[in-house]
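Structure first, then comments.
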Amino acid sequence: MSWRPNHTQSVFVLIAAVVAFPFFGGASATTVMALGGLYAIVAIGLNLLVGYAGKISFGHNAFMALGAYASGILTVTYDWSPLAAMLAATAGSGLVAFVIGAPILRVRGHYLAMITLAFAQIVIIVSTRWTEVTGGLTGIPGVPDFSILGFAFDTKQKMYYLIWFVTIVLFLLSFRIVDSRFGRALRALGAHEAAAASLGVDVVRCRIQIFVLSAVYAALAGSLYAHFLNYVNGTFFDLSVMIQLMAILVVGGIGTLWGPLVGAVLLVWVSHSLGSYAEYSQLIFGVLYGGALLFLPRGAVGEIAARLKGTGSRLRSG
Amino acid sequence: MMDLLPVLLVNGVVFGAIYAINAIGIGLVYNTTGIINFAQGEFIMLGGMLTACLYGQAGLPLLVAIIGGVALTVVVGLLTERLFIRPLWRRGAKDWTYVFMLFAVATVLPNLVMLGVGRDPLTFPTFGGLPAVQLGSVTLSSQALWVLLVTVAVFFALQGFFDRTLLGKAMKATAINRRVAAWLGIAVEQMVAMSFGLAALLGAIGGVVFTPLISTQFDAGVSMTLNGFAAAIIGGMGNMRGAIVGGLVIGILQSISTAFISSVYGDAVTYAVLFGLLVVWPHGLFRPLIELKNEEI
């Protein structure tokens, strides 16, 4: 008789671990874990898109960039309050995602993947070259600390708690989404599009909604990133970030709720431990997720869940 | 301004040729598998880089280096299918898995090249043997002529292959309906392997004729993939004649936008056009060879 944690228990353990971590981990480890939380936010959204709706984006690094730049520019150049800037940044990015997704997601096949890749290239080109607005390669220094109603998140540790609070809220929200009517439609869509459509699922609308939602998650993470580092730079959001996100998804387990969270925490430490080998990060993450696709198709969480259920690891999926 | 136009057009046509070859390569893989090959541009980069290495560092004669570079790239293409695509195929993986996998290949290959060769752009001498051609006020260099001739030769060779040979017909049958092709005794897996080998061959040939014109470097593949994809979209996925037209359209557009709008945003303009095209004509100006069916990837 093996012990299986239920979801509520697992979530409480997660919250306890998140709260306790800074007291045991120390300052630099807390900073790393805060970055892990940021990646987890993007990965949770991407997981809904890829794992449940079966569509791919190679451009979520660009939505992070949009969120970060919008927050940076609005707070530094236009003196907006961080919260207002964050709301505008996420809403604006969602709108951009809608403009991209609405026409492309009507088409079958993986055109979204190619278009988002092209979109990300454009965003990176523009962000590093449009010097008057984005500061070019120098970026935007002096982004103020995040604050709500006069309470400033002025230390890395406070930001850590803010980031993980958002992460956990979005994580729980993803549970709700997956279990909702919308989530069931989404899963039907990922499993078999024609069948889903014939059962009355508005396939195109569903896909667009989930794409926009995932872009909003990414922009929110980008905005938090800008306040966390007090600095925005286009090179923070280049293709390497997207590759790391894909590694997080695949290693953690695509289409599992805990996968993005576990993947993000695991891989942020891999990334951190690279240190002076950071040059090889693309190579390492590429090999890591290519290998995981071949040898660990359900990802770490999918594999563990299957073992706990006692169905063995021979089940084929992914 | 207007006297620049002929030069830009000719330049655009030469660049368009490489995009056309790329679009045909993307179409070949798409036809047999329904997968968009995100690693197609890497084959172009590899063909150029490997040849440059064999010529410059190993000191081989140019012709031997070219043959070696092309052969090695084809091996990489075949290995990609064998090691990374076939296992997914056999376990019946979901379609996004292939896209992820090819993206991993497109990530790892340039990084390996960077480790082995470095970040510097490499090139090798022009082939020579053909005269430069004077077209009114524009001179078409000997290497540019090579690019155009090889593109035309590749086009007709492939047409002959698909129309005249049994193997080519079997590949075409696989493209049109995989299941029926299997019932007819066509070894579908081998056709898929063939399509990756051919795509790598096309990429390598493109890389080899093109590299003497502008040089190449480890990270040149992504924009090649995107431009080839744009050409393939305009031409209708898998439609060879369409791919040629699409390549020329993208090449000319890029050449003109680089000159008149901004060299910095040249690529951005192409991507913006690609996006606009997909919005207006998602299926391209020409009909694709096959419409993607739902139950197949």
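Any Cβ shown, glycine's included, is placed from N, Cα and C.
Note: TrEMBL annotation is automatic and uncurated.
What TrEMBL says about this one:
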TRANSMEM  A:12-30  transmembrane segment
TRANSMEM  A:36-54  transmembrane segment
TRANSMEM  A:61-78  transmembrane segment
TRANSMEM  A:84-104  transmembrane segment
TRANSMEM  A:111-130  transmembrane segment
TRANSMEM  A:159-178  transmembrane segment
TRANSMEM  A:210-229  transmembrane segment
TRANSMEM  A:241-270  transmembrane segment
TRANSMEM  A:277-296  transmembrane segment
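Through the fold, the transmembrane segment (A:210-229) approaches residues 34-35, 38-39, 41-42, 44-46, 48-49, 52-53, 55, 57, 60-61, 63-72, 82, 85-86, 89-94, 96-98, 101, 105, 112, 140, 143-146, 153, 156, 159, 162-163, 166, 170, 177, 186, 236-237 of its own chain, all at least 6 residues removed from its boundaries and within a Cβ separation under 8 Å. Between the transmembrane segment (A:159-178) and the stretches A:12-30, A:36-54, A:84-104, A:111-130, A:241-270, it is A:36-54 that has the most C-beta pairs under 8 angstroms.
By the count of Cβ pairs under 8 Å, the stretch nearest in packing to the transmembrane segment (A:61-78) among A:12-30, A:84-104, A:111-130, A:241-270, A:277-296 is A:84-104. Sequence-distant contacts of the transmembrane segment (A:84-104) (same chain, six or more residues past either end, CB-CB distance under 8 Å): 63, 66-68, 70-71, 74-75, 111-112, 115-116, 119, 146, 207-208, 211-216, 218-220, 222-224. Panel annotation: around the transmembrane segment (A:241-270), residues 10, 14, 32-33, 35-37, 39-40, 42-44, 46-47, 50-52, 58-61, 64, 120, 167, 171, 174-175, 178, 190, 281-282, 284-286, 288-289, 292-293, 296, 298-303, 305, 318 of the same chain, lying at least six beyond its termini, place a Cβ under 8 Å from a Cβ of the stretch.
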